[in-house]
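Take a look at the structure set out below.
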Amino acid sequence: LQAMSDSEQDWLALRPQEPSPSQCCGSGCKPCIYDVYEKELAQWERAKAVQDKSLLMGKREQSNNSELNPDTFTAFSVSSVEQLTEDTYQYKFELPGKSSLRLSLGQHIVLRGVVNGLEVQRAYTPISPRNAEGYFEVLIKCYEAGLMSQYIKTWKRGDVVFWRGPFGGFPYQPNKHGELLMLASGTGLAPMIPILQSITDDEEDETFVTLVGCFPTFDRIYLKPLLQDLAQYWNIRIFYVLSQESSLEKLPQSYQENTYTGRLNEDLMKTIVNSCRRKPFVLICGSSAFNEDMSRYLKAAGIEENSCFVF
């Protein structure tokens, strides 16, 4: 058997690597990392067929110009790390000058990490206002055994990490819906924040909002000062559902009247839906189990599927 020629080996070295399942964040991104791979593979095959490597020069794995791009990863540097609860952190990233990410509402971006030589990708939704200049912020919950969490926990100020995007999002239009009912579990709060801020920033937008935040305990509610500020607006109501608190007595007075203990179940859902001032359009974000439960309870409360959007 003749040994593979140098040229063959060169071409094999240039062949794009098929992503491993851990690299797909599972959020239905367009393009997905597999779409990017298919595109690069087709480009490689065309170049190899005519033996012209210059056709591969357009292939940029990552860029350093701090312009977010759905196809390639861009480097951003961590400017601050703030621990919010025992397992949740708020990370701030620098953007050059006064530039902003220019995301539409509720869009997510995909983070790439390498853990023990394995590349992992996960989707997160920035919580900074859409028009924030010179920075963006992301809320991340770290899990004990999470691969990506092991990588994220090592971040400190000045570290460079790679993001691509944006993807998804909720096509929000001011005053299109009489009332938005937001059901968020834990970090599922993230896509709700920019939408809330865009409503409170726009004096012409008279959409009512009822946000229901589900957390285990009072201590583990994220972004309390921000939520308290938002709740001051005439059109915003915020409720908390705390699954592991048994009584409201220890809670600050200002939280007692808008907090429920236990889980957000079918009965509570009916109560909340009935308290809405107009027929609500519902936004849901949490674990897949949470999303399924909410959809079921909403149906029982008379909310049709076409009046719901799941992040």
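Keep in mind that glycine also has a Cβ here, set from the backbone N, Cα and C atoms.
Per TrEMBL, the features are:
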- 71-173: domain 'FAD-binding FR-type' (DOMAIN)
- ARG122, TYR124, LEU139, LYS141, MET148, SER149: FAD binding site (BINDING)
Within 10 A of the CB of MET148 (FAD binding site), the number of other CB atoms across every chain shown is 20
Note: in the chain of LEU139 (FAD binding site), residues six or more apart in sequence with C-beta under 8 angstroms of its C-beta are LEU84, THR88, TYR89, GLN90, TYR124, THR125, ILE127, THR187, LEU189, ALA190, TYR222, LEU223
In this predicted model, the domain 'FAD-binding FR-type' (71-173) has a mean pLDDT of 89
For the binding-site residues ARG122, LYS141, the largest set of other C-beta atoms within 10 Å encircles the C-beta of ARG122
Its residues classified by DSSP, the domain 'FAD-binding FR-type' (71-173) shows 6 helix, 51 strand, 46 coil
Ordered by sequence, the long-range same-chain Cβ contacts of SER149 (FAD binding site) under 8 Å (at least 6 apart) are CYS142, TYR143
Given the FAD site ARG122, TYR124, LEU139, LYS141, MET148, SER149, its other Cβ neighbours within 8 Å of the Cβ centroid, in chain order, are LEU111, VAL138, ILE140, CYS142, GLY146, ILE152, THR187
If we take the residues ARG122, TYR124, LEU139, LYS141, MET148, SER149 that the record assigns to FAD, their largest CA-CA distance in Å comes out at 14
